[in-house]
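Engineer: Quick one: the structure is below, questions incoming.
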Amino acid sequence: MELNTHNAEILLSAANKSHYPQDELPEIALAGRSNVGKSSFINTMLNRKNLARTSGKPGKTQLLNFFNIDDKMRFVDVPGYGYARVSKKEREKWGRMIEEYLTTRENLRAVVSLVDLRHDPSADDVQMYEFLKYYEIPVIIVATKADKIPRGKWNKHESAIKKKLNFDPSDDFILFSSVSKEGMDEAWDAILEKL
């Protein structure tokens, strides 16, 4: 599939099924804990500065945000999880919204699960990965902020993350940096393969 990634726009924000786009376009969902770099990932992948708003305040995305890419596919930005300052009730509401989308959306082709290369995956990261494996949803692990770690230590951090996730070697694992654009081509290859 040839994609003009410059031709991208935010299409709509949805709180539930009735608001989802009603067509056949394939979707790739992006999930990860708050401030893992999801907005930066979207902006880097689509060669845009601020299509997805980056925020110093975690927990800003509270709806599913659908991004139209060249009228051929969509990114779906899922609310960041694991943000402490959001009430338990809010978190449960998000949880249900995310679960409904991930388990019932026929357009969904795969989930890009973002983790921070600098740290061990959180319990939420592990739970998300297990959830995706349980429902047999294709998953691409993208380890963000690779530029913050010396290249010589990447392998060590990658191994630690894979071990904690109980990573399935048949899944893609991509080291990514929105600063250096490391892993961008690899991420696109993995995504397009799932469409």
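Backbone N, Cα and C atoms are what each Cβ position is placed from, and that goes for glycine too.
I grabbed these lines from Swiss-Prot:
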- 24-195: domain 'EngB-type G' (DOMAIN)
- 32-39, 59-63, 77-80, 144-147, 176-178: GTP binding site (BINDING)
- S39, T61: Mg(2+) binding site (BINDING)
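Describe each of these features in terms of where it is and what it packs against.
Structural biologist: Along the domain 'EngB-type G' (24-195), the predicted structure has mean pLDDT 90.
K38 (GTP binding site) falls within a helix when secondary structure is assigned with DSSP. Over all protein chains present, the Cβ of K38 (GTP binding site) has 26 other Cβ atoms lying within 10 Å.
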Engineer: Going by a 10 angstroms cut-off between Cβ atoms, which of the binding-site residues G32, P79 has the sparsest surroundings?
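Structural biologist: Comparing Cβ neighbour counts within 10 Å for the binding-site residues G32, P79 gives P79.
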Engineer: Using DSSP reduced to three states, classify L63 (GTP binding site) as helix, strand or coil.
Structural biologist: coil
